[in-house]
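Everything on this sheet refers to the single structure shown next.
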Amino acid sequence: MAIRTLPVQEYPDVVPPQIIVSTTYAGADAATLENTVASVLEAQINGVDNMLYMMSTTSPSGLLTMNLYFEVGTDMSQAKLDVNNRIRLAESKLPDAVKRQGVEVAERSNDTLRMLALTSENNRYDTIFMSNYAINNLLEEFKRIPGVSEAIIVGNQEYSIRVWLDPQKLSFYNITTTEVINAIKAQNEQYPMGQIGQEPIEKNVAFTYTVTSTGRLNTPEEFAQILIKSNTDGSSLKLGDVATLELGSERYFFKGLFNKQPTSMIRITLTSKANALEVSDLLDKKIEELKKEFPEGLKIDATYDPTLFVRASIHEVVVTLLEAIALVIFVVYLFLGNIRATIIPVLAIPVSIIGTFAGFYATGFSINLLTLFGLTLAIGLVVDDAIIVIENVERILRKENLSVKEATIKAMQEITAPVIAIVLVLSAVFIPAAFMGGLSGTMSRQFAITIVISVAISGLVTLTLTPALCSLLLKKEEEAPLWIIQKFNDLFDYVTHHFGKIVQKAIRFSLFNLLFFGIMIFVIVKLLGIIPSGLVPKEDKGVFFAVTTLPAAASLSRTHEVNIAVGDVALQNPSVNKVGGFSGSDFSSKAYTTEAGYSYVRLTDWGQRKEANQSVDAISKDLMQKLSSNKEARIVAVSPSAISGLGVSGGFEMYVQNRTGGNYHQLESYAKEIVARASERQELRSVRSTLSSSTPQFRIEVNHSKAKAYGIDIADIYTTIQATFGNIYVNDVNIFGRNYRVNVQAKGDFREDTKNYGDIFIKASDGNNIALSDLVTFKRVLNPNITKRFNMFPSAQILGETNAGYSSGEGIKIMEEIAAEVLPEGYSIAWGGASLQEKKLLETGNLSFVFAIVFIFLILVALYESWMIPWAIVLAVPFALLGAELSIWLRGLQNDIYFQIGLITLVGLSAKNAILMVEFALQKMEEGFNLLDATIEGAKIRFRPIIMTSFAFIAGTLPLALSSGAGANSRHIIGTTVVGGMVTLTLIGVVFVPLFFYLIMKGKEKFLLAFKSQKPKT
């Protein structure tokens, strides 16, 4: 029952939750918005509890977005309340227009759950219709799905009554823009009329009647009849005489494409702690319901769906888990040689797995990659204890004349203590990881507790069920095994016989071996510095982004042509399934700007892309080469974030902060120099800065003296300009049961060039028309189009990735070196997204490893009541480290969170194997053996079970190291780490543990003799 109810997700809740603060300052440019709104809000919000960092983005559309990131585990309800309270304190300092608009505070994930594309057969419907169909019929349905934070139309082409003014006709009829706007306001309004016969009145009336007016208008035709001017001769001027009216879109600054077709895009995002797979399933069901009501020819498809990768990754891990079980069973049978004995440890697998799932349910865990990795590694661990029992029972049956029951009792008397010690040690090794904070601690916690639960259940099974099964299933005389099994066991007996001699020689040449151990420690330290670092490995997620950037101030039509070319070239590759294009939207900030765009390039299923040239890296590189001839734009391939919702994209996310108060032009010059140097490095690719401080703009300068001389109100001048080059929101209209805006703007012919302002006229106080060109001059200036602030400082965002064969940690190190060379005093760098978490991991990642060793040592001290004996066990750890580091280095993998989890696992396994040898050597000493004989005999007795359990564990982990498909890189790192460490631990450590035990006990004896000789005689 627990398995059915457990949630399934890629990772536990590891992404720092965020609160998004947004507002609009209509008509403000990015710089004005930054100075008057962003800086005011930041000053008040800064210092809110548990906030990691904050980032503000201002766009030319007057939109401010502030992203506040918090520590994992923060109470977001309280955090949202704190942010709201601080914003209330700042409101008095905000511009009036912003106060009227309001400041929105929302808690939501940065993670896009789905990008949906609405298209129509044969372009039957335009994008305005499709957008509004989605607004009216789909978005609210999606928002009601539990776990959905937001469902929006990208570009929001919501219906609007568009009043396209003809300035020449206005001049001809001597009408101003202000007069037109006032006429619309007056005649498109809902006026309350009251009631006839409404109390109190003196006379009694029979009826009370509600009085209504014509109210708001509903159609473009009705708006065309708005009366602007009437003459005494009965003639009149109507709105339709000076303007073209239509039911159009409120905004025209975005264009979407899906597989070469015009599209309306829907972005669906998650709440902070929502389960992506559960929400995705609910979304699919809702879409199927809604599709039944679609108008004929309307289609909906997903251009971006990150849950496809999650499902494929989890499926691959489950397959790996089953492969691990099969291999473990084979290895156990190979060593034990008969079916009956093999059944005993195999039964421990389902018992432990079922018990672990019950533990998940009790602790509130989910089925995710980390818990499944933990289960896969636990497969080898849970059979280990049972193998130890069976092997010891069979050894006693072979050497002593005892019944199966008696042999089982004696075997349990010998190994109960070491089994308990192993369970305690394996549990203790993961305790520090379970209590580490931050993202790495959250990721380690579920893996660690999975192992602890599995091992604890396994230990219980070993001490109860396993001996009972041994007494029932084992026989004094077993049937002869298969000849190949017999040959294997004969070979193993031969190796075991000579193993004692190897240990004896190791002790004899102890000085040489200690020198070897010292060299090995040196190699381990050196390798740790050589292996590149990272947070998590880059995966083939089946999708990448083609980010396009045109010259500053390039028009939307030019950007759209480039995105069309990207889609055309991408779809020529048979491994590309779908392409969704966004023209007019900046990739990193999602702000609307005409010179930017990007495309989602979705590939075919991983099973259909098994060749090297079909990987996401190969396909993206091929696309970039084919598009390199496009001179209109810079196009770069960008990977999705390694952990969904953590950062803008894959790769690094750096911010160059200006702490001097200098302008954006200075900041951009340093950012460009960093990008130029980084682009020359072979380790890096797609390095780019999002800051453009030299976007061509025009600043309007009004001649106040002339305006006053003509008796023209300055506000009328600005209103006229806004109604020409921008648009003016007048009031609302009710259509299809919803409110939409009425917007006034000049026709396109009068907005193509600054020369057009000579065709615009304003009425003077004497009634004459004055050309706008007589009152206003346009001055060409260079200003930032989009501004960013990181932790209250003006910043340039620099994004980039590492090429294949290089880790993200190497990329971060290179960028830090370049920044140190380029930036002067007063400028600094900061990291965001996954890069910030990776920096934290580098600072704290080794602590859990160190604490694991300390915990083991202290538990062993308590078990053996000695400060000396535990050293013989702990000193086995470096042999596992050597193998882990060598294997990772040789395979070109990285030191990341999976590597560190693997190392912690190896600490426990090293101690487990060493405990078996040390425990039996101590038993032999108690039986009267001298130190050398006890050491050799203990090593020989435990050699076979150690090799058996080690091989079983390696077999169970090998599928991780050799897997393929979605998410394979993560499995490779943890699998390679553990397999490599176990190989060297088994081949070398098994010889050195007896050596360390002998030397430590010999030293202890000499110390006691020396102490006794110095003790004064009584």
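Backbone N, Cα and C define each Cβ position, glycine as well.
Features reported for this protein in TrEMBL:
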type     : residues : note
DOMAIN   : 312-472  : domain 'SSD'
TRANSMEM : 317-336  : transmembrane segment
TRANSMEM : 343-363  : transmembrane segment
TRANSMEM : 369-390  : transmembrane segment
TRANSMEM : 415-435  : transmembrane segment
TRANSMEM : 447-474  : transmembrane segment
TRANSMEM : 511-531  : transmembrane segment
TRANSMEM : 847-864  : transmembrane segment
TRANSMEM : 871-891  : transmembrane segment
TRANSMEM : 897-922  : transmembrane segment
TRANSMEM : 943-962  : transmembrane segment
TRANSMEM : 974-1000 : transmembrane segment
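Away from its own ends, the transmembrane segment (847-864) comes close to residues 421, 424-425, 428-433, 436, 441, 444, 870, 873-874, 877, 900, 903-904, 907-908, 911, 915 of its chain (Cβ-Cβ under 8 Å, at least six residues beyond either end). Listed by sequence, the residues of this chain that lie at least six past the ends of the transmembrane segment (343-363) yet keep a Cβ under 8 A from its Cβ atoms are 2-3, 5-6, 325, 328-329, 332, 371, 375, 378-379, 382-383, 385-387, 389-390, 449-450, 453-454, 457-458, 461-462, 465-466, 469-470, 473-474. Counting residues 6+ beyond its ends, the transmembrane segment (943-962) has Cβ neighbours under 8 Å at 320, 323-325, 327-328, 330-332, 335, 373, 376-377, 379-381, 383-384, 387-388, 391-392, 395, 492, 496, 499, 909, 912-913, 916-917, 971-972, 974-976, 978-979, 982-983, 985-986, 990 in the same chain. Most Cβ pairs under 8 Å to the transmembrane segment (415-435), among the stretches 871-891, 897-922, 974-1000, belong to 897-922. With Cβ pairs under 8 Å as the measure, the transmembrane segment (447-474) is packed most heavily against 369-390, out of 369-390, 511-531, 871-891, 897-922. Among 369-390, 511-531, 871-891, 871-891 has the largest number of CB pairs under 8 A with the transmembrane segment (897-922).
Outside the transmembrane segment (511-531) by six or more residues, the chain places 878-879, 881-882, 885-886, 888-889, 893-895, 899, 992, 995 with a CB less than 8 A from a CB of the stretch.
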